[in-house]
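Enquirer: Provided herewith is a single structure, encoded as structure tokens, for subsequent inquiry.
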Amino acid sequence: MNGTEGPYFYIPMVNTTGIVRSPYEYPQYYLVNPAAYAALGAYMFLLILVGFPINFLTLYVTIEHKKLRTPLNYILLNLAVANLFMVFGGFTTTMYTSMHGYFVLGRLGCNLEGFFATLGGEIALWSLVVLAIERWMVVCKPISNFRFGEDHAIMGLAFTWVMAAACAVPPLVGWSRYIPEGMQCSCGIDYYTRAEGFNNESFVIYMFVCHFLIPLVVVFFCYGRLLCAVKEAAAAQQESETTQRAEREVSRMVVIMVVAFLICWCPYAGVAWYIFTHQGSEFGPLFMTFPAFFAKSSSIYNPMIYICMNKQFRHCMITTLCCGKNPFEEEEGASTTSKTEASSVSSSSVSPA
């Protein structure tokens, strides 16, 4: 084995020289240069600095403007809440531990950090799935006369929390476990060992199938069908400039959504699966660090994609930030009037929210 396994940790370094120490008790500067820990702390500070305001602003603006309190926006708010979970439950602790060079918060802190980071990430992931299903139901109309209402939104919220808990809770109760990973300053699922009594293998397979592959298939299916529906509407009314604009807008939105989903999760999932299927092979501490912390950046670009592309929300946000006035009101108004409408794709169905 090209690593050192101990009680509730795995260090990606063989302890031939005797320098390997518990990541709960000693700085891990023998893994990487101390400057790397400082850089990690600075990166986490940047995520907090940007992630907290943009997600808090999402909640505040929606509460401030009654017209934004629509059933679909409940899911978008859920996305913001999930991102705040990641900011407070994961980013702050990682910034603090990276300043010390090891997971100074101990075993309990590792469980809490791993749980909140996993919970927030999974709530966000399943919120995107619910959004994809809602867009498909409204635009493609597999059920005639379907209208997404408050009851559907509440069921969607409950679904995201149940699925997230189904992934984040088991490691706390003995099905797998949370351990420090990468540079040993943050905690995640144990992909690294076959620790006796924790059934890591079955949990990792369950997690990949139910909490990665299935969401991926659903997102691709729903947005693929949505894009086809918009193309069909545009083909039926080729003379309509607004319909052509609808096709372009939705195409751009779909591409951004799918690419962001892949950029966020595929590197982390790919590296985690490689480590799981090649346990004991040689890899450095940065091998898992880069994809893990890149995935955390979803707390920033998720709200930018799913909320800031919403014309109505953008108008309300500018109004809130500018003390009740929107200096770009004419431009926003012109943009709103040109909002796409088609016989088979309504304007509310085409816009991101």
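Here the Cβ of each residue, glycine as well, is placed from N, Cα and C on the backbone.
Quick paste of what Swiss-Prot says about this protein:
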TRANSMEM  37-61  transmembrane segment
TOPO_DOM  62-73  topological domain 'Cytoplasmic'
TRANSMEM  74-96  transmembrane segment
TRANSMEM  111-133  transmembrane segment
TOPO_DOM  134-152  topological domain 'Cytoplasmic'
TRANSMEM  153-173  transmembrane segment
TRANSMEM  203-224  transmembrane segment
TOPO_DOM  225-252  topological domain 'Cytoplasmic'
TRANSMEM  253-274  transmembrane segment
TRANSMEM  287-308  transmembrane segment
MOD_RES   Lys296  N6-(retinylidene)lysine
TOPO_DOM  309-353  topological domain 'Cytoplasmic'
LIPID     Cys322  S-palmitoyl cysteine
LIPID     Cys323  S-palmitoyl cysteine
REGION    330-353  region 'Disordered'
COMPBIAS  334-353  compositional bias 'Low complexity'
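What's the neighbourhood like for these features in this structure?
Expert: Using DSSP to sort the residues of the topological domain 'Cytoplasmic' (62-73) gives these counts of helix, strand and coil: 9 helix, 0 strand, 3 coil.
Sequence-distant contacts of the transmembrane segment (203-224) (same chain, at least 6 residues past either end, Cβ-Cβ under 8 Å): 122, 125-126, 128-129, 132-133, 135-136, 163, 166-167, 170-171, 175-176, 189, 191, 254, 257-258, 261, 265, 269, 272-273, 276.
Within its own chain, the transmembrane segment (287-308) is flanked in space by residues 12, 40, 43-44, 47, 50-51, 54-55, 58, 76, 79-80, 83, 86-87, 90-91, 117, 120-121, 124, 128, 131, 181-183, 186, 188, 256-257, 260, 264-265, 267-268, 270-272, 275, 314, 317, 352-353, which lie at least six positions past its ends and keep a Cβ under 8 Å from the stretch.
Taking Cβ-Cβ distances under 8 Å and a sequence gap of 6 or more within the same chain, the neighbours of Lys296 (N6-(retinylidene)lysine) are Leu47, Met86, Gly90, Phe91, Ala117, Gly121.
The Cβ of Cys322 (S-palmitoyl cysteine) has no same-chain neighbour under 8 Å that is 6 or more residues away in sequence.
Listed in sequence order, the same-chain residues six or more apart from Cys323 (S-palmitoyl cysteine) with CB atoms under 8 A from its CB number zero; the list is none. Secondary structure from DSSP puts Cys323 (S-palmitoyl cysteine) in coil.
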Enquirer: Using a Cβ-Cβ cut-off of under 8 Å, list the residues of the same chain that are 6+ residues beyond the ends of the transmembrane segment (74-96) and lie near it.
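Expert: Distal contacts: 40-41, 44-45, 47-48, 51-52, 55-56, 58-59, 62, 104-105, 109, 112-113, 115-117, 119-121, 123-124, 127-128, 130-131, 134, 150, 153-154, 156-157, 160, 164, 185-186, 296, 298-299, 302-303, 306-307, 310, 353.
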Enquirer: Sort the residues of the topological domain 'Cytoplasmic' (134-152) into helix, strand and coil with DSSP and give the three counts.
Expert: 10 helix, 0 strand, 9 coil
Enquirer: Could you check if the transmembrane segment (111-133) is in contact with the transmembrane segment (37-61), meaning 3+ Cβ pairs under 8 Å among residue pairs at least 6 apart in sequence?
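Expert: No; fewer than 3 Cβ pairs under 8 Å.
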Enquirer: For the transmembrane segment (153-173), what are the same-chain contacts with Cβ under 8 Å, counting residues 6+ beyond its ends?
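Expert: Contacts of the transmembrane segment (153-173) (Cβ under 8 Å, skipping residues fewer than 6 from its ends): 71-72, 74-75, 78, 82, 111, 114-115, 118-119, 122-123, 125-127, 129-130, 133-134, 189-190, 203, 207, 210-211.
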Enquirer: When DSSP is mapped onto helix/strand/coil, what comes out for Lys296 (N6-(retinylidene)lysine)?
Expert: helix
Enquirer: Give residue numbers and ranges for long-range contacts of the topological domain 'Cytoplasmic' (62-73): same chain, 6 or more residues beyond its ends, CB-CB under 8 A.
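Expert: Contacts with the topological domain 'Cytoplasmic' (62-73): 131, 134, 148-150, 152-153, 312-313, 316, 319-320, 353.
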